[in-house]
Amino acid sequence: MENSIATLTGCSIGFFINLNMAEASAPAVPSTELLEWPKKDKRRILHAVYRVGDLDRTIKFYTECFGMKVLRKRDIPEEKYSNAFLGFGPEESQFVVELTYNYGVDKYDIGTGFGHFAIATPDVYKLVEEIKVKGGTVTREPGPVKGGSSVIAFVKDPDGYLFEILQRESTPEPLCQVMLRVGDLERSIKFYEKALGMQVVKKVDRPEQKYSIAMMGYAPEHETVVLELTYNYGVTEYTKGNAYAQVAISTDDVYKSAEVVNLAIQELGGKITRQPGPIPGLNTKITSFLDPDGWKTVLVDNQDFLKELESAK
């Protein structure tokens, strides 16, 4: 039933990945060059993958209510799934969402760990009113955040995924956040810095509301998409459900990047779920892993990804 779990990078993988593969062997003494690699690598968060119960319904909601565009769509009947990529700009330069529909599955468990996606807009009030007119569900009316001046709202899509609507005068990346809850914020920060070369672009502690957040990314939060890692005081574990899958990130060298990830895993926890190498039948090189909280990331070869997009046109 879950054949499309293998659509890790927007590619069709016709079999389940063996999650028990032997982990890559890290060098006995990590070289300075290897540890510095993520900072030199050309990386970008490409897309987030998650499952929906009715692909056409979700496409209609995202295009009519959010103003997204369908960038590509395909049906793989032999694997019993369909997927679609949607966003506000081309995949070659902007973060997008990959929606996956598994034949006959109309509902998924989002779990307690996944938080929300975020969309930036010049006028939150106007966008929310348009969403209401089109039948969208608003779970938080537009207004300033508690204790601050930033204007936000929250909207729920047909499958129950939350979208935070953020007020920004302008942004090159309207689809701008993926929020995930973690059990140890400092550990997660170290992991994403070391394994993926991300930087903390913003950090906030709200003791009165008993949570802390760290925005992790490759550029300032107003310029690109970021991962918003949230720690709720005293909560160390969350359920993952089976709805949200992973994010994909580009790299110039899947093999070298996997070595660095393995070093971070040895120190901070996590697990390699797919050794680096080409996908059979497609030749796009990828590797995948879980962070210390079990959130999955897929690293995708930059040039292979661009070739994949070109062949899809």
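The backbone N, Cα and C atoms fix where each Cβ goes, and this holds for glycine too.
According to TrEMBL:
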{"type": "DOMAIN", "residues": "44-168", "note": "domain 'VOC'"}
{"type": "BINDING", "residues": "E98, H116, E164", "note": "Zn(2+) binding site"}
{"type": "ACT_SITE", "residues": "E164", "note": "active site, proton donor/acceptor"}
{"type": "DOMAIN", "residues": "174-302", "note": "domain 'VOC'"}
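Cβ neighbour counts within 10 Å, taken over all protein chains shown, single out E98 as the most crowded of the binding-site residues E98, E164.
Here the Cβ of H116 (Zn(2+) binding site) has 19 other Cβ atoms within 10 Å, regardless of which shown protein chain they belong to. Summarising model confidence by region, the domain 'VOC' (44-168) averages a pLDDT of 96.
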